[in-house]
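Worksheet for the structure shown next.
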Amino acid sequence: MLQSLAGSSCVRLVEQHRSAWCFALLVLGYLLYLVFGAVVFSSVELPYEDLLRQELGKLKQRFLEEHACLSEQQLEQFLMRVLEANNYGVSVLSNASGNWNWDFTSSLFFASTVLSTTGYGHTVPLSDGGKAFCIIYSVIGIPFTLLFLTAVVQRIIVYVTRRPVLYFHIRWGFSKQVVAIIHAMVLGFVTVSFFFLIPAAIFSVLEDDWNFLESFYFCFISLSTIGLGDYVPGEGYNQKFRELYKIGITCYLLMGLIAMLVVLETFCELHELKKFRKLFYVKKDKEEDQVHIMEHDQLSFSSISDQAASMKDDQKANEPFVNSQSPTSNDSSLNN
């Protein structure tokens, strides 16, 4: 008896605080996912980093042995200066000296990566004026970009998602939830094909040093706005039609970002996903909802009554020759 009562009380306690328990599990799952990623990245990448360090150390030692007139301190100062310039997108290599990072097309590409918060980091402002302008430009441009993308996605999703789902639901009588799920899967497959697989194949051909996996990696890192900057197209010294290529990449990034947002919005409108998200949200109190509804109804009723009274006054003003009779006089006339 006591065990059944304790079990029922525990069940009631869990049901009353279900949202809090789900949120705690969500936080715990997210932290475990972070730790899992750190363990995998460390185990996979650390051996390659150690191997590269050993190779660079041997190469440096061999260079010092072949050039005895050069001290190790002088070599390190030179390398530090070269690496610092390379972090700003300036290379001392002869095959890269012909590429400018701040011509119009490169600046247009940089502006698009800043406003879309991709931020590859391969090119950054060098001057103080450029850094100050970048701050002001981003403060105004990023909300402007979000407004622009939201407006575009809201219009596209009506024709791409809502109307097709409603058409198959009404015309063919299929379940709306089933149609929405199938449509989301088809839309996701089309987006992956046209904005990941096909562009990855194109980049693997246009970029000499990229294979298909590296090209697909660039597409995903770019359209997910991660923007690590380890792969940036159009930076090769023998790149043909570099200006046109940069403009094409800028258009691809904007269109791909819009497509990704449309797909995410489509999946977010699925009924099952909405129910799943509600598990982690804070539920509103019923009393607050009732008060809000009563206030809304009271305001709407008062506004309707005021509107009706004003309409009656306007009608009386527009009909000056109609004799107004009281209800009592009308009743007496009817009785007579």
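Cβ atoms here come from the backbone N, Cα and C positions, even for glycine.
Automatic prediction, not curation, is the source of TrEMBL annotations.
According to TrEMBL, the protein has these features:
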{"type": "TRANSMEM", "residues": "21-44", "note": "transmembrane segment"}
{"type": "DOMAIN", "residues": "92-156", "note": "domain 'Potassium channel'"}
{"type": "CARBOHYD", "residues": "Asn95", "note": "N-linked glycosylation site"}
{"type": "TRANSMEM", "residues": "135-157", "note": "transmembrane segment"}
{"type": "TRANSMEM", "residues": "178-203", "note": "transmembrane segment"}
{"type": "DOMAIN", "residues": "193-268", "note": "domain 'Potassium channel'"}
{"type": "TRANSMEM", "residues": "215-232", "note": "transmembrane segment"}
{"type": "TRANSMEM", "residues": "244-264", "note": "transmembrane segment"}
{"type": "REGION", "residues": "306-336", "note": "region 'Disordered'"}
{"type": "COMPBIAS", "residues": "321-336", "note": "compositional bias 'Polar residues'"}
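With DSSP classes pooled into helix, strand and coil, the tally for the domain 'Potassium channel' (92-156) is 44 helix, 0 strand, 21 coil. Confidence annotation: the domain 'Potassium channel' (193-268) carries a mean pLDDT of 90 in the model.
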